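To keep things clear, I will list the structure first and then write my remarks on it.
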Amino acid sequence: MQQETGIHPIVQCDPIAAIATPLGVGALAVVRISGATAFDIAGRVFRKARDPHQPLSETPGYTAHFGRLYDGLTLIDEVIALVFRSPSSFTAEDMVEFTCHGGPVVTRHVLQLLLDNGCRLAEPGEFTRRAFLNGKIDLLQAEAIGEMIHARSESAYRTAVIQMKGDLSATLGALREKLLRSCALLELELDFSEEDVEFQSREELRVEIASLQSEVARLVDSYQHGRLLTEGVATVIAGRPNAGKSTLLNTLLGEERAIVSHMPGTTRDYIEECFIHDKTMFRLTDTAGLRETGEEIEHEGVRRSRMKMAEADLLLYLLDLSREGMAEEIKEIVALKAAHASSKFLVVANKIDLVPDATTLLCRLGEEAGCEAIGISARQKLGIDELKSRMSSMVEGLDKLHEASVLVTSLRHYEALRNAGDALRNAQNLLDEQADTELIAFELRAALDYVGEITGKVVNEEILHAIFERFCIGK
């Protein structure tokens, strides 16, 4: 079910508590409370070192107080209490954050103390969800917080920070305002239909819709690069059996992740792992060797390998340079490169340490295959730094994309914008056909709702649940 959200008064909900820092041994940990009776609950268990009789409810916001937590007469810990008053807190509710000593036992004691005194254990992402529902952040910014927490590369982190700052929200807000204006003018016409009044000429509307289509199309197109920043560059290592694909995966990762054997066909299914080079994350996939086989399990592995190759942003074809008779394999390389024209393609010639005239063979290989070939020895770790640099250069500028413009990085946002673009296209076609105003207004309203879904102006409970369940309990 969807509903339109607007500016609502701050709602103080039931008090929730959670540990906001990772469980483990450390110097400090944070346990937070938020809700209508947060100050009352904190006041029952916390005594200030100075002026112990002054309740926290009487202290100003944005203040820190040293004191002790007690369970009755039993000392739990010495803590710092940070006070945040509604509406000037993260959730817009009254909040208290206790900074206690780190360690799982003491942290759990502090949390249990708050639960025993009236708090409910927060659900995953509930603090952020309350911030969204109380208008402190929009849905895009809430998602950006989650993306920043889960970021695995510098590029993903920087992109999340920019989204959290509100750049994409501002772009979509301006887009929504234009849509809202056109919708309002058309609906005014419907209200005054008996008077045959045009509040916006059809030519002006046509120009406006064309401009909106262009803006939406730019955002849709940006997803192709934006997803690489957050998801990483899908990099598939392909080639014949026993070319050294698993050894190369292990060498790039710096760990023994894949089983390595001299027996062909050891890898039966693909293996995925990530590594970061020059701030760019690569999602490496080691695939089963490409060959015709009657063995059922290996045949399925080859089928899955080809499926992953079709999804690759960067395809590394690994060739055993020490193997005799490369002519047939070169034909396969040429065919693969043509079949995966949308992917970056690099031939990696392995086992150069076993070939005396490796440089000559590499030149010949590059000429006959019609593409660049780079020589390595995965086992001896020769040429690996050069390979990593070449991989980064093939996606050059990716780490700076987040600085250049507003990017769409989420599949949810991408699909909503595609739907908005379809609705705008329908509206433009209806205009060309001189269709009824009501039909044009319907399509513009649909586009408006799709854009609203991204920022949370239009709320779908299933979407909210899917977004916030990914958060940790204390966020």
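Counting starts with 1 at the first residue shown.
Cβ coordinates are placed from backbone N, Cα and C, and glycine is handled just like the others.
Feature annotation from Swiss-Prot assigns (6S)-5-formyl-5,6,7,8-tetrahydrofolate binding site to Arg32, Glu97, Lys136, Lys475. Sequence-distant neighbours of Lys136 ((6S)-5-formyl-5,6,7,8-tetrahydrofolate binding site): residues of the same chain at least 6 apart with a C-beta under 8 Å from its C-beta are Pro87, Phe90, Thr91, Ala92.
If you take the C-beta of Ala378 (GTP binding site) and look for same-chain residues 6 or more apart in sequence within under 8 angstroms, you find Gly244, Thr247, Leu248, Asn250, Thr251, Asn350, Lys351, Ile384. Swiss-Prot lists 242-247, 261-267, 286-289, 377-379 with the feature GTP binding site, giving sequence analysis as the kind of evidence.
Counting Cβ atoms from all protein chains shown, Ser246 (Mg(2+) binding site) has 24 others lying within 10 Å of its own Cβ. Ser246 (Mg(2+) binding site) falls within a helix when secondary structure is assigned with DSSP. Annotated Mg(2+) binding site per Swiss-Prot: Ser246, Thr267, in sequence order, evidence recorded as sequence analysis.
The domain 'TrmE-type G' annotation in Swiss-Prot covers 232-396.
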Residue among binding-site residues Asn242, Lys245, Ser246, Ala288 with Cα closest to the Cα of Arg32 ((6S)-5-formyl-5,6,7,8-tetrahydrofolate binding site): Ser246
Ala288 (GTP binding site) - helix vs strand vs coil (DSSP): coil
Binding-site residues compared (Arg32, Lys245, Lys475) - highest count of Cβ atoms within 10 Å: Lys245
Alpha-carbon spacing, Ser246 (Mg(2+) binding site) to Ala288 (GTP binding site), which is rounded to whole Å: 9
DSSP-derived structure type at Lys475 ((6S)-5-formyl-5,6,7,8-tetrahydrofolate binding site), helix or strand or else coil: coil
Cα-to-Cα gap, Lys475 ((6S)-5-formyl-5,6,7,8-tetrahydrofolate binding site) vs Asn242 (GTP binding site), nearest whole Å: 47
